[in-house]
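Right, one structure below, let's go through it.
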């Protein structure tokens, strides 16, 4: 009995010491304004999180009005230090910032079913090397296969009917982007496998929704809870199904190699081979890396494609100039890298649609602003909120905005969709810029070339409304538009007139 009492007293003492340390230790972020802290009578941050989810834009605006340095914000994940955009250039290449840990923390990469978010298992260095040294240099070679697949998908999704008929823009965009990405990532057979395309589209949505449910539980209970949630079981099933599909691809590749000539072997030029080359014999998980590619590529690109389609329906005066540019450029350059670069108005339209969608050690910035070790940070990137926006009429859509800026010598290099600058960080900034943005830009331009030359587009009675969820701003998933087949001026499958 004495031993039990001793353990009880000892445990209580340790718990008391821990409580004192936690509750009475100085908050290293206390110097920064707290925008949505607990209100009187609120014991936990539950209501603060709800206010963030539903009112993030107004909270950001409030924060900017109170300080021009940094402020604290309760998000649905954690307390975040939000920095003013003036610090972007100072932090763009800071070696002490880690952009792989937040996704793993936010999406529970250590739990089964969430392995594609685990940076140890997916090995982001292999992924980044593949994108940088293999995918991006091959942009000039992906034009024709992407064009062929776009032609195939649009015929299935939009049909060849010359009568007006309705489509769901978001669903169509997801199918198109998933198939195009899979064509380059895994080849022509897998990109038409409904099971794989279903995983590419559905896994990310399911993972995001399940992560929200898990955040309602104490973190120390997640190792147990996730075994019983139906959505977690579904994620584990999808990971296993993905492993089966990729395993078949790898087995087929190995069989082909055994009896292949060098010419036949060279035909397998896609991310399966590229990832193996970049791993250089080191550890990586092919299935998880392919799922990771799907997570980062499918929904973000499909969301931008959807938004561009909505914006063009709301600004139909852009359709004919875009079609004229497409005909001129593709007739002259085919689907070469030069063609992608010279689609300048299309590039400007994409960048404008993207514009309107809007730490391991202590870091002290040049003005004395301190970022304590372990702090999660974000930066304001919504120029309709920032009073120091560098864009004229920044809250209005102007499809010609960036093509006009090309005439300004000091800004000409900043105007392309793939350019990353301090005032347009749709693809990130500095060392943290998205390495796959060149492929994404190519994919979207080719998809839009086919869509605009082959179909008339118009809005119905319902105007699309972007959906907000915390910091997230996504294109309308419900609004439909009307389309009908038109006769394209040139053949687009191979880029020849």
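Every residue, even glycine, has its Cβ placed from backbone N, Cα and C.
Feature annotations, reproduced from Swiss-Prot:
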TRANSMEM  4-24  transmembrane segment
CARBOHYD  98  N-linked glycosylation site
CARBOHYD  202  N-linked glycosylation site
CARBOHYD  362  N-linked glycosylation site
CARBOHYD  388  N-linked glycosylation site
BINDING   434  heme binding site
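Distance between Cα atoms for residue 434 (heme binding site) and residue 202 (N-linked glycosylation site): 22 Å, as a whole number. Reduced to three states, the DSSP call for residue 434 (heme binding site) is coil.
Across the recorded positions listed here (202, 434), the residue whose Cβ sits among the most other Cβ atoms within 10 Å is 434. In this structure, residue 202 (N-linked glycosylation site) is part of a helix by DSSP.
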